[in-house]
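A.B. asks: To start, I am sharing the structure in question, which I have written as structure tokens.
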């Protein structure tokens, strides 16, 4: 195992193309155990693509991605292993509308981890309580508000007991008053020491919890720094411009 | 165990590329084995039954007559010729059906959303009844029930002693070209050119000056005028060959077989119910907001249909319409049930019975319909690409 | 400041409500509109009155020979005399209870499965797809102590139903596999599925039936003269599964990409993803489409007349050729049309009902 380096995720010279289009250019990134990273950048900069490569929703063409000592290559077993270790929360929740909230949470533990149903339900209820919606367990996703749905999606990922959580713009599809309830859950999760990679435009969240902020544009990592210096003393012109647009109003 | 150092075989087993290659090879192998077995069986069976193979039969004389031929044909022509005679008859009835079904279907579709309650309900009943009855039954109904009530040739219904209708079909006078015919045709072509030129001119003028011009009515006047006046100027370049009752039946003129009429009516009516629904939902698919926006802009009802509603509705309507036309063409093969000499009836029917070469004949017949399907779906893809709404 | 007192509501003017208001709005809103109304009423009157008097008022209903048809209207005696033939074909009369029982069981299952309030749908579906087909086969064909009734004696409406139902039930799983194959990432699998689907969809059913009746026997060793009904069924199933595959494909396409990604991110395998997440949702969307293909299949089964099987249309055609009963094609064909119409119309209503339910079901 790669405990000696303390890195749970390593990206080495990762390159990816969509057809002719070069989306990710020589991405290098090390994520330490328990680290919280916020990734920001303009739309189309490749930030979502990058974190989607980490659980192989997208395939990269060059370079290595190593998650918890498992190298992500063309091996179904490794892909399955990594997906068990890595939870993901989507912009549009992607809850399964034909299953209840509880069933959404127990589906993967039962079928992927082969957990007995009782136990899976117990764990699911535990996490639903953590995201403060245990009373909605038997409703269907369509009956919940956007913020509640996103919290269910977080609980669903947590039920697999992941070592890393990926967040792909978790609050972009939500109304302003619902953003807070989701962010609160994420802050709490961060406080418990979960390793998190989070693509978001919520700069307040970044200042509050991030250990590192990464700024991407045109498929490259332009700048990475602690939030303090990232926001107060950006190094590159591109970052300055972006920050002035995001924070400037 | 470190998952990165597994032995080669298990590595291959979990490699998606290897898996998919293996699986595809397996499928191909099975398919090949299946086809080979069938081909082998067919060969032995044909050999045992003494049926020859190959397409040599196409050049042998057919030796049977066909009741409707659009190209020259008689018993001495080859089996290959029967293929083309049948194919043309299929295309004829499909073409007639497409035209009539579109016309009737559009009327039905518009009636379905008419402000008039009676019209709305009647067209709804029409659609609900006729599309839930099998087409074959409707063909039988027209052929065995309705057309059987027509009189015998001797008591034909006659219109001006030139058009006769009886149980043997409809008999029309046939125009035969006479002296000066080519000049008349040239005149007609010239009028079409004039109309095209007029359209372009009117469009340009409207773009440059904003003035509008009644292109549609002027064009009709030009076309009709040339056709009628030109006919007399060129010295009546056509004579009519009138049908005449000789013995038990009419001779001369154009004969429209009762089988063609029954098939055409049934195909038209059956398909028009589907086209009606397509037209209705196409127009309804354009949101109410579009109508309101037009009203707010002061666009009048006619312009609204022409400029805003129809262009959007067409986008929705054309793909299902073309697939209805395709269905109609395929359905025309039901001709064989009442003996209209279409491709299936002549070629996959009589010719097949005479030669026994089932494999070749059925394959050729299927290829014809497949080719039509592929052409239509190519058109549809092209169309969809062309009209796709520009969106992010 | 004076207190706000809302004005009492006044009744609408007569031109807006009531029969007069309705008629004004819907029938006589303008002069052309009024003309259309009068014209349609006139046409309807002149068509319906003679038809109704022929079909009902002046019709003969009871009797046993054509001599009983004296009143000049429709001769329904022609139908009633041969009713059993039209329903069962040449199935032996003392065994009519067998198709009857099969049909009653079918109705029972349909009620169980199609009415939302009845519970245990899953058990019902499993029974309907496993136990019922075996039971129906034994009941209709024979075996296990029941007399064997060869398929060439089957006919009439019973044959129509048998063909349509077997066709649809067998076509669904094949259609699902074809549709999944068409979306596969493996080019060979995709190609094979696309060619299969487009081939059967591209040719008319009648050529497929010809193929099944003249070419299929050549495909087997020794040219086995397989059962004629069996051969027709093979053709129908091929045809139907291609159409079913397109219905399934539509259902799969209606699912958002997020559902596939969500399942992937949780680490579900391909088959787990399909059977736990994708198909249960897609099936719901597909049911109206399946019912619609069932309707067209039901109508299309009438084509088997052309290869010499006698479904209800074929039985009536035979009866019309009977010298003792010449001259009643209108009665015969109207009867068949009415039978088909009842089935197709009720199915289409059910499918519309399902579609409406689906359209509202996703909302909160």
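Note that Cβ sites are derived from N, Cα and C of the backbone, with glycine treated the same way.
All TrEMBL annotations are machine predictions without curation.
Taken from TrEMBL, the feature transmembrane segment applies to B:20-39, B:51-71, B:83-108, B:129-147, B:181-201, B:213-233, B:253-275, B:361-383. For B:87-380, the entry in TrEMBL reads domain 'ABC transmembrane type-1'.
Mind mapping these onto the model and telling me what they sit next to?
C.D. replies: Residues 77-86, 88-89, 92, 255, 257, 259-260, 339-341, 346, 350-351, 354-357, 359-360 of the same chain lie 6 or more positions beyond the ends of the transmembrane segment (B:51-71) yet place their CB under 8 Å from a CB of it.
Cβ atoms under 8 Å from those of the transmembrane segment (B:83-108) belong to residues 58, 66, 68-71, 73, 123, 126-127, 260, 263-264, 267-269, 271-276, 278-279, 321, 324-325, 328-329, 332-333, 335, 340-347, 351, 364, 368 of the same chain, restricted to positions at least 6 beyond its ends.
Sequence-remote contacts of a segment are chain residues at least 6 beyond its ends whose Cβ falls under 8 Å from one of its Cβ atoms, and for the transmembrane segment (B:129-147) they are 167, 258-259, 261-263, 265-267, 269-270, 273-274, 331, 334, 337-338.
The list of residues near the transmembrane segment (B:213-233) in space but at least 6 beyond its ends in sequence, with Cβ under 8 angstroms from a Cβ of it, reads 184, 187-188, 190-192, 194-195, 198-199, 202, 205-206.
Distant neighbours of the transmembrane segment (B:253-275): 67-68, 92-93, 96-97, 100-102, 104-106, 108-109, 126-127, 130-131, 135, 138-139, 141-143, 146-147, 150, 167-174, 241-244, 321, 324, 327-328, 331-332, 334-335, 338-341; these residues of the same chain sit at least 6 beyond its ends, with a Cβ under 8 Å from one of its Cβ atoms.
Counting same-chain residues at least six beyond the ends of the transmembrane segment (B:361-383), those with a Cβ under 8 angstroms from any Cβ of the stretch are 83, 87, 90, 318-319, 322-323, 325-326, 329-330, 333, 343-344, 347-348, 351-352, 355.
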